[in-house]
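*Asks:* Sharing the record's features from TrEMBL:
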| type | residues | note |
| --- | --- | --- |
| DOMAIN | 45-216 | domain 'Sodium/calcium exchanger membrane region' |
| DOMAIN | 367-530 | domain 'Sodium/calcium exchanger membrane region' |
| TRANSMEM | 42-64 | transmembrane segment |
| TRANSMEM | 168-187 | transmembrane segment |
| TRANSMEM | 199-218 | transmembrane segment |
| TRANSMEM | 365-385 | transmembrane segment |
| TRANSMEM | 392-414 | transmembrane segment |
| TRANSMEM | 434-455 | transmembrane segment |
| TRANSMEM | 476-498 | transmembrane segment |
| TRANSMEM | 510-532 | transmembrane segment |
Amino acid sequence: MATGDIHNAESILGFSGTYGYEKCENYFLFQSEITLGNGLRALLYLLGLAYCFFGLSAITARFFRSMENVVKQTRKVVEIDHNTNTETIRHEKVWNYAIADITLLAFGTSFPQISLATIDAIRNLGQIYAGGLGPGTLVGSAAFDLFPIHAVCVVVPKAGELKKISDIGVWLVELFWSFWAYVWLYIILEVWTPNVVTLWEALLTVLQFGLLLIHTYAQDKRWPYFSLPLARTERPEDWVPVEASLDKHDNNDYSEILQLSEADNTNIVDIFSIHSEKETGPLYQPVSDSDAAESSNGNFHNKSILQDFNVFTVWKHQFMDAIMLENPESRKLNNTYLRLARGTWRLILAPWRVLFAFVPPCHIAHGWIAFICSLIFISGIAYIVTKLTDMISCVTGINGYVIAFTALASGTSWPDLVASKIAAERQTTADSAIANITCSNSVNIYIGIGIPWLIDTTYNFIAYREPLRIENADGLSFSLLIFFLTSIGCISVLVLRRLTLGAELGGPRIWAWITSVYFMSLWIVFVVLSSLKVSDII
């Protein structure tokens, strides 16, 4: 082996920092990190990044549970029969299911990317050039949402089981705004003001999220002149079958304190129960009879819990659950190796679980406090992720956009994958599984890129009277173009499956796996071509 090769290998492995090998002078926690080899440092930072993604997964579970309590909030409606002069009390859900899909579900699952992009924008505040970490992550996340998540969802249903979109009209509206988001971004970067983002462009980007909400609500309610003339077909009475809710609620790895015994598992409302049983009113939808036990409804259930267990007792149980290495479900397993694996996994996640136990119990204030606290923790993890990404780029020399397209996009999109997979498993239709994908892509652009750009352009306009410049606009525009072309291939296959098999998800096992492999191939094409372009190789 040549002397140069030896020196190079030694430096990579961390044995040597001499012989002219360029070292990264920045450090993450301790200045002594600089004495380590770049290869060893890259490995440690990658492990730290992976551990942050585990944390995102853990806090997302608590975030989902808080969102369950938010969306199951009801209001009491008193109806008077003028003929008999009798009162009828009904409890109707406050949240419209289509709006909840876009705001709480899609926005919540996309919050890791949104907070990462916002933090990146704040770090670059006052700079003429925008940071590339946020936009790169969001575009890469869109590709991950569209291709790998579709690839997972299409094989989730049981062999031969078909799950299709019941409300094609709402899906088409969401799909239109999802596609338009990336066309709009390309217009900003290449057509309207090339390589520059102005204050008004950023503001228009954010405002289009409001238009998405209005258009989706209009389509759901079939407003004249504002909606497509497509009937809602085959909407099931139960979006989440009772047996599915009973079978799937004992994932004790994410056990909530309100599950005070195994028998109480059936009382936990599924995240997708925001979808109605029947549509009876113009604005609100009723809760099932079991949930709306006469006038007190869920409030009586919460009050009865609080009578027996005060808030501090409930909170204390969260910490006890966080430090337990075995749960009742694990103790039932006869396989020693499986029990050991579960215990090891809980031990690895123990620091995160203890930290997230500080999130208040999810039943307080309809879950809003836990909801907000979960978002704060997600933002904190996102900040650590941005620092680790900077370090990985520094010690490896890999373009930051490439890391954003691949590692960051995949890791921060994990909540999207979990949400869509759960929807594909538990719901009798494919509406929320696919809606979460399309809506998340829209949220990524209108909010995830729009808000950071609005922050930076506003500051630059006030401080310098200058617009915000995009340093690698050509690479980002190229990625948008590749994404647009590959997404057409993805949607075309979904349409083809609808026409031939009658559903977007499931079906014969062989065709489901062929579709899944095809979607993954599209993602690989996007990642490879985008990475080569931003690295100036093509």
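Every residue number used here counts from 1 along the chain in the order it is shown.
Glycine is no exception: its Cβ is also placed from the backbone N, Cα and C atoms.
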*Asks:* Same chain, outside the transmembrane segment (365-385) by at least 6, Cβ under 8 Å from its Cβ: which residues?
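*Replies:* For the transmembrane segment (365-385), the sequence-distant neighbours (Cβ-Cβ under 8 Å, at least 6 residues beyond its ends) are 48-49, 52, 55-56, 59-60, 62-63, 65-70, 73, 108, 111-112, 115-116, 118-119, 355-356, 358-359, 408, 411-412.
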*Asks:* Hey, which bits of the same chain come close to the transmembrane segment (199-218), Cβ under 8 Å, at least six residues off its ends?
*Replies:* 96, 98-99, 102-103, 170, 173-174, 177, 180-181, 184-185, 188, 192-193, 226-227, 442-443, 445-447, 449-451, 453-454, 456-458, 461, 467-468
*Asks:* Could you tell me whether the transmembrane segment (392-414) and the transmembrane segment (42-64) are in contact, taking contact to mean 3+ Cβ pairs under 8 Å with a sequence separation of 6 or more?
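*Replies:* Counting Cβ pairs under 8 Å (6 or more apart in sequence), the transmembrane segment (42-64) reaches the transmembrane segment (392-414), since there are 3 or more.
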*Asks:* At a threshold of under 8 Å on Cβ distances, which of 168-187, 392-414, 434-455 pairs most often with the transmembrane segment (510-532)?
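*Replies:* Looking only at 168-187, 392-414, 434-455, the most contacts with the transmembrane segment (510-532) come from 392-414.
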